[in-house]
Every structure is written in C-alpha cells, then in structure tokens.
Amino acid sequence: MGKGGDDLGTNKQTNGSESSNFEPFPPWAKDVRECEDHFGVSAEKGLTTDDVAKRHQIYGLNELEKPEGTSLFKLILEQFNDTLVRILLAAAVISFVLAFVDGDEGGEMAITAFVEPLVIFLILIVNAVVGIWQETNAVKALEALKEIQSQQATVTRDGVKMSSLPAKELVPGDVVELRVGDKVPADMRVVRLISSTLRVEQGSLTGESEAVSKTTKPVEENADIQGKKCMVFAGTTVVNGSCVCLVTHTGMSTEIGRVHSQIQEAAQHEEDTPLKKKLNEFGEALTMIIGLICALVWLINVKYFLSWESVDGWPRNFKFSFEKCTYYFEIAVALAVAAIPEGLPAVITTCLALGTRKMAQKNALVRKLPSVETLGCTTVICSDKTGTLTTNQMAVSKLVAMGSRVGTLRSFNVEGTSFDPRDGKIEDWPVGRMDTNLQMIAKIAAICNDANVEQSENQFVARGMPTEAALKVLVEKMGFPEGANKASSLADGDVLRCCRLWSELEQRIATLEFDRDRKSMGVMVDSSSGTKLLLVKGAVENVLERSTHIQLLDGSTQELDQYSRDLILQSLHDMSMSALRCLGFAYSDVPSDFATYDGSEDHPAHQQLLNPSNYSSIESNLTFVGFVGLRDPPRKEVRQAIADCRTAGIRVMVITGDNKSTAEAICREIGVFEADEDISTRSLTGKEFMDVKDQKNHLRQSGGLLFSRAEPKHKQEIVRLLKEDGEVVAMTGDGVNDAPALKLADIGVAMGISGTEVAKEASDMVLADDNFSTIVAAVGEGRSIYNNMKAFIRYMISSNIGEVASIFLTAALGIPEGMIPVQLLWVNLVTDGPPATALGFNPPDKDIMKKPPRRSDDSLITAWILFRYLVIGMYVGVATVGVFIIWYTHSSFMGIDLSQDGHSLVSYSQLAHWGQCSSWEGFKVSPFTAGSQTFSFESNPCEYFHQGKIKASTLSLGVALGGRSLVTMPPWVNPWLLLAMAVSFGLHFVILYVPFLAQVFGIVPLSLNEWLLVLAVSLPVILIDEVLKFVGRLTSGYRYSPRTPSAKQKTE
C-alpha cells in the first residue's frame, strides 16, 4: 500500500529512490493548467468517484508502509551470531551431555555436574533477551513517522467540498484546500492562493529556520526541495494563509515517504560498535587458541586412552578406553570454560548501564547501551545547524533608529537568544527615557504584528510567525515609554506587558495583509490621541522605496534625501552580510478616504481593503523610522564546546538545510571557521558536494566543514563516506530530514526539546537540554568508560590465562584434574565479576579531553600487556598446580604443617601415573578430615585421586582467587574496588562454609595452616606484577615512540 503517484498518463509507479533520480512528470516545473491536464482533473470540481476508485487500485492508500518486522525466531538466532557466545553454547551443550552420561565422573556429584551447563545456558538466555529488546526498539522510528502524517483533509470531489475526509484516502489528482494550522496530508502542487500569501513551516523536513512563502508559479525542474516554492509537502504545517492544492504524490512517493525508505535502508546498514568488533576479534582468536590447546592436550594424553602394539613396523591391536577418552574430553571442556570470560557480557552491560546513569545526570539520555562506548572514540561530529547549534528561536540582534539630524543613524545591539523577554538586554539603552523615534518603532513592532509569546512551564513559546514573535520580545526589552507605565492596568505577570500597553493606546481597526509583491504588512490604528495612523513593517528596501520622509530622534520629520537613503541601504547591506534578516518600520497618516473609518464594513472606504492590489497605493508617502536585524541565534555555550572538540581532536562538520550565507555567518561566529578565514573550499551546498570528483579527499580536510542546502540524501552520503574512510561519526539533528543520517551514523544524537519524535526514535542518544556542549561532555564520559572497560577486560582475561595455564599443566603432567568446570565458572562469574565491575568506577583522567580520539584499530591488549599477563597467568597456573601437588606429596611447605588432617602422602611419580593405581600392589591410604567431614577409602584406595582430591582442589581454587593483582591505584581513588574485593572473598567463604554449596562446588573448608599455604603461594603475584609495571614504565618511551603516519594521515 501507499505507492504514491508519479505518472498518471502511463500508470507508472516509482518508488522513492527512482523518483529522486527521474521524475516522469515534475509538477513544480509545470504551470497549473499543465498539472490539471496531466492529472485529468479540474481544480473547481475535483475528481469523480469513479476516478478515485480507479486510482485507489493503482496507488493504494496514502500512508507509509509498515516494514516487515524480523520474526522472533530470526531475532533469537541473530543473538547467537557471536563467536564468544557460540563457544559458550558449544561448551554448555557438551557439558550437559557429559553430565547426563556420567555425572559422577571425577568425584562430582550429579547435581554439581549439571550446575555448569545450566549456569552457562542462563547467561546465554539473559544475553539473548537483552539483545532482542534492543532490536525491537529500532522499528519505533518508522512508527513515529506515522504520527507526523495528517489525519483529515478538506477535499473537493464531484464538485462537492468534503471537510473531513480521512487523509489516507487521498489519491494523486485530488483537490485539497489548506488553511492556517492545517497539517499537509500529501505532497501537493499549489494551484490557487485564497489569501494574499501562504507560508508553510517545513523546517523539520528541510532544515530551514524560517517559514517559507509559497506561490503558484513554476520553478526549475532540477530545483532542490527548498527551491520548490510551488509545492507543499506531507507532514509540514501551514502557518499563514490558505490555498487550494492538487495532490501529486501520496504514501511512499512523498518526500516524507522517501525519508521513511531511507530510515529503513540505514537500519539495514547498522554496524557493530568499535568495542563489539574488538570483542569479536578477541573471540575468534580465542577460538583458535582453545582449539590448539585442546588438540595439544589430547596429543599429550593420547597414550592414556589409545594404545597399540607394533607388528612388523605397523601399528596393530589397538586398545581404546572410552572412560579415559571422556575424561580428557571433559578437560577440553574445562579449558573452554577457563578460557572464556563468562562474566564479561554481564560486567560490560553493568558498566555501560552505570555510564548511562552518569550521562543522564549531564542531560544526555542514552537509548542504546553500546552507544555509551562508541561516543568515546568519535572522530567527527556532523551537526545540524537549526535547533542544534542555534536556538531555533528568532531573536532581534540589532536595532537601527534615526539620529538627531538628517544623515545620522543610531545602532543598538540586542542581547538574547530566545523568546524569553528577560533573556538579555539592549546595550546603551535609554531606560525610561525613550525618545519619540524609538517609541514609534516600539509601537509599530507591537501593533503591526499577529504573533504571541506564551510561557509553557519553564519555556517561552511563539504562537504564530517566529519573526513577529521576536519583534514582540524586542518591544518588551525596550520597556515602557516614559510615564506610560502608570497608565497601564495590566498585571505584572503578563509576558508581553509592554505590547499590551501599546494595544491599549492604539486600537487596531484594519489590517493590510502581507503579500509577496509589496513585501510588507500594514495596520490602521485609532490612537488615544485622537488621530488615525497607518503603521507598516516589511522588507527594508520595499518600505524605503515607498517612503518620502524620515522621523528624527525628537519626532520631527524631514524629507528623505538621497544621502539618507544611501546611508540606510549601506547599513542594511552590512547587516545582511552578517546573515541578519532585516525588517523596516514606517508610518503615515491614513489616506483621506479613511479619515472617518472605524472598521465598519458599511463604510465606503472598506471596499478598498477587500482588494489586495490597492494596498501598495494605501501604503505610500510613508515616514521611515528605523529597522531591525533578526536571526536564529547560536547557543551561548556552542563556541566553547567546538573549541573543546578541537582540543580533543574531534572535527566538527555542519550540515544544514538552511541557505549558505546564513550558515556561513553562524559558523564563523561559533568558531567552526575563523572570522577572516577563506572558506571557499570548505563551504559547499549539498548539490555542489555531490558534484565534487574526490569527495573523500574533500571530507579529509582538517578543521571545520560546512554543507548548506543539504537534503536527507546528502546527509546520508556524507555520513556513509566518512564511515568508509574509517571515521567514527556522531550525527546530531532534530528534524524529520535528519532521521536517516541519525540512523546511519555510528551514534545518532537527537534533540530532546525541539526534536521530532522521528529523530528521537532513530537516534542512539537524546539531549534533554538540546545543548551541543552536552555532546562534548558525553564524549568525555564515553572515553572514560572505554578506559575503565579496557581495564576490567584486561583484568578478566589475565584471570583466564591463569586458569588455562593451570588446566594445561594438569593435563601435560598427567596429574588429576585440579579444578573442575563448575569451580572455574564460579571464579569467572562471581568472584571476578565484582572487582571487574568496580574498575568501571575509576575516575576519568584529568586530561581525557586533551588527547586525540583513540584509533579504531586500537587494540584492547597491547603486546606488552599480553606479555605481562602471560607471565602473571603462568605463575598463577604453576601456583595452582603446585599447591595441588604439594598437598599430595609434602607434609609441610615453607614451615607450614600440612599433616594435621591425617591425609596420606604419595610420590610425585604415583600422582603423575594415578591412572595405573588399580595395578599397584599393596596401595593403601588413611582417612583424612576436612571440617566436620571424614573421607575414607578402605573399599577403593584409588578413589583417593578422585573424591580424595577435594581438599587439593580447594587449595588450588583459593590460589586461583588470591592470584589477582589489583594494586593499580591508591585505595581512596576508587573505594568501590576495596568493597568489591571484600564481596568477592566473602562470596568465596560462603561457598566454602555452607555445606550444601560446598557440595555443589566440590570443595571443603580449609584449616588455618591451609589458608596460610594459600596466602604464601598467592602473594608473590603482586610482587611480580609490580616489577613488570615498573619495567613497563621504564620502557614506555621506547614502546610508544611516534609511528609512521598512515596513508590517510599523509593525505591529510
């Protein structure tokens, strides 16, 4: 459904992408008659019922397509498209099968054997649920687009006007009437203006900062969306005037439909975050390492489960032990469990969640967890101008009044960037001493004005044209005329108190509406002084052309000579070069025909007001009093934020739908460009950029870049090219036109206050305060989070190296399995989890935003760090295996008595060949105690190497836990780390001394002397790590010497 309409003559339908490149019939380039002929309709009568039925068959309903959602089954499968997850899944399945086949193997109780696969399955299920929840959020951006569409339309069919036809029933060729406040229901060609002017607010679609005047005149065929002045677009709003339009495109063929298609397309190209890519690479490397070690373990131990005799040089009489094969298969599974940091997904999620809380406190609301980390490596911020770098609230920044004599002007700078009358003041203003000339400017600005400003909670909102609202705010800043405040009976709480005062003094009796020919608006007022005046505001050149006099400071009038005219025009030129939109003010006595006019329709002069062509002659012989310069001002904090970006090595590119001169002036003011910098190669329109031969080279220029008059497709192309070039792109925006690029960027940032729902739903992060500087603060937070994540990932991996080394040595030496998989899982998940999470609370470096962004190929673990952790891991591996051997072979170690429990000692040779125990003659062992338990092996002494290893395993587990070096900083810098370590050891004591848990994990309580042994073997790891850190600091200059620039950097 929602196919739209392009060529009725051939019944040809095109989708959004085709129509953007080739339009069979461009209605904006044809006159009204040609459009009526092409669509087979008369603007007076509209379509017939039969025509509508036929076109419904061809074009479907006027609504946006609902994208086909990914099935739940497919979403679930996608969650397992991760190397680490696949390894975990394989380990869990194998563990489950082995537990089912032989739950008592190696002395494990049946319940113990099943704990490990069940815990791994639980981890995978939680991970999948979180992933699916994030995936389903992506579709909401498309749903939000539907909210923008109009619900009703006033349509003429069969010569009858239908006032509330459901907008989804519109077809190409329908004749629709639009009035002030209407939301445009489809893309339409304006065929007739009912009012003298028509203005449409289309900024959310095009990025323009002001409402756009529409006309019936055709434009060039290759005009961009902003240049199609005779077209109105679905989802935009009529703010002034009324008209009759012809529907040309519906559904997915409208401009908003194309945005919908672009969002869908961008969603399909979403890439993994830099951290996810690193973890995937790590997972793939881990798979290879696990495979190699497993193969090596099997090769070393193949003699234990597969033997043969050599006959005539050939192997014969093969003997295979299924029991031993299964045992070494279990060791391979234990290796997988030991090598994979199972707690990593949970710790990363926790750290990112903590990061989102910190960012929320800084007004950055993160919608997708991984974007927290992505922010930290942002290299380019592509920012929209209107509403992001600027306030999207028109404000007067300069007021020019007449001087005390002919040929002089007075200029006043006006502060403020919003519709709040209290925001800023007028510099050098004569408070309470306004002269007659300034009073006349205030009077015209207040009364020749249809806008209003209201306070909504803590915000001031314009009702009507933003330009006119800004003039009313100016009047409030100008204040009361001298002595006039006593005459007012208005309440102090009134937002526009001064404007209300002027309305009391000057009663408005007639309005001469603005039109595009004379470019001015006039009102007739009945003054409290008894005179009737005509007050006019409009384009300065047009108002000046119809003026014959000027009003001086004292209120006297002088003839407008050529010198004064040139002086005013020169001042106008200077202000226009600063991208200010200027409005002039003038007045005159009413024409003699209106001397007795009181607004009555019965008055003879009233007929002149019904014909707009008379307005120019009525607004003649004017007295010019002054003019103002308005603009959409930049936010106060943006300049510093952009300077911070430059310090942090982040480039800022401004991409806006607004016109070039306005955008350039704003960019110079906020520091994207220097005030006197040549920007001819840095400032291009969207069309000009698309014509550049080497676009990537253009984007590689250092410093700021500007792209004006940009359409959604241009924004997407710029983001795509930057990403292809290895940049990590953050895109900011607030309008519908920004949504596709927000979706495509590595991190899309939407405005929370001024942003459309479409932009918010397409984004990864929403700025609650619409403040560009919040992004910079969030980037700093993202960098800090990445550093902390790198710290705990390294910590967890170092722990796993020790476990792998332990199991490998166990298998290589042929001794019984020191630590069973469920114990390894406990170490990886519970006892490593809290300290790793606590590392996420490390405070950020003070100079974190003075360093360039990390490279996208920056490795999580450098060669030196890997060497350091290998050394520590090897020590932990040797220590865990060593303490296991010591318990079996020594009655004391380093003066610590280990014989108190009464266990029997064996030789190392016996321990290494424990599998041959059944063939040993006269082998006996005595019972030993562990806490309140006694272990006896009278019936089967060989069980001493199965169930009897429980004490030795507990000692190994204690060393594995104790062999951690967390002395990375003084404890008062991150007290959470001390708490986490306490929690970690506390949990270990719980499983040791709660009988049921001790049984599940296959461990027993330890005596004081046994704890002393654990400490004696564990503590050297801290000394080793500190020595390695010291060596690392000494050699850091050599290892981090400047590298040869990459090809890309050379280009730059």
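Note: Cβ is positioned from N, Cα and C throughout, glycine not excepted.
Straight from TrEMBL, the features:
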- 10-22: compositional bias 'Polar residues' (COMPBIAS)
- 26-100: domain 'Cation-transporting P-type ATPase N-terminal' (DOMAIN)
- 1-28: region 'Disordered' (REGION)
- 83-101: transmembrane segment (TRANSMEM)
- 113-133: transmembrane segment (TRANSMEM)
- 285-306: transmembrane segment (TRANSMEM)
- 326-354: transmembrane segment (TRANSMEM)
- 861-888: transmembrane segment (TRANSMEM)
- 976-996: transmembrane segment (TRANSMEM)
- 1011-1031: transmembrane segment (TRANSMEM)
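Summarised as a single figure, the pLDDT of the domain 'Cation-transporting P-type ATPase N-terminal' (26-100) averages 82. The transmembrane segment (1011-1031) shares the most Cβ pairs under 8 Å with 861-888, out of the stretches 285-306, 861-888, 976-996. Tertiary proximity for the transmembrane segment (861-888) is limited to same-chain residues at least six positions away from its ends with a CB under 8 Å from its CB atoms, namely 794, 797-806, 808-810, 813, 815-816, 818-819, 898, 903, 905-906, 908, 911, 949, 951-953, 955-960, 963, 965, 1013-1014, 1017-1018, 1020-1021, 1024-1025, 1028-1029, 1032, 1035, 1039. A Cβ distance under 8 Å defines the sequence-distant neighbours of the transmembrane segment (976-996), meaning residues of its chain 6+ beyond its ends; these are 826, 830-835, 837-839, 841, 931, 954, 958, 961, 966, 1003-1006. Using DSSP to sort the residues of the domain 'Cation-transporting P-type ATPase N-terminal' (26-100) gives these counts of helix, strand and coil: 47 helix, 1 strand, 27 coil.
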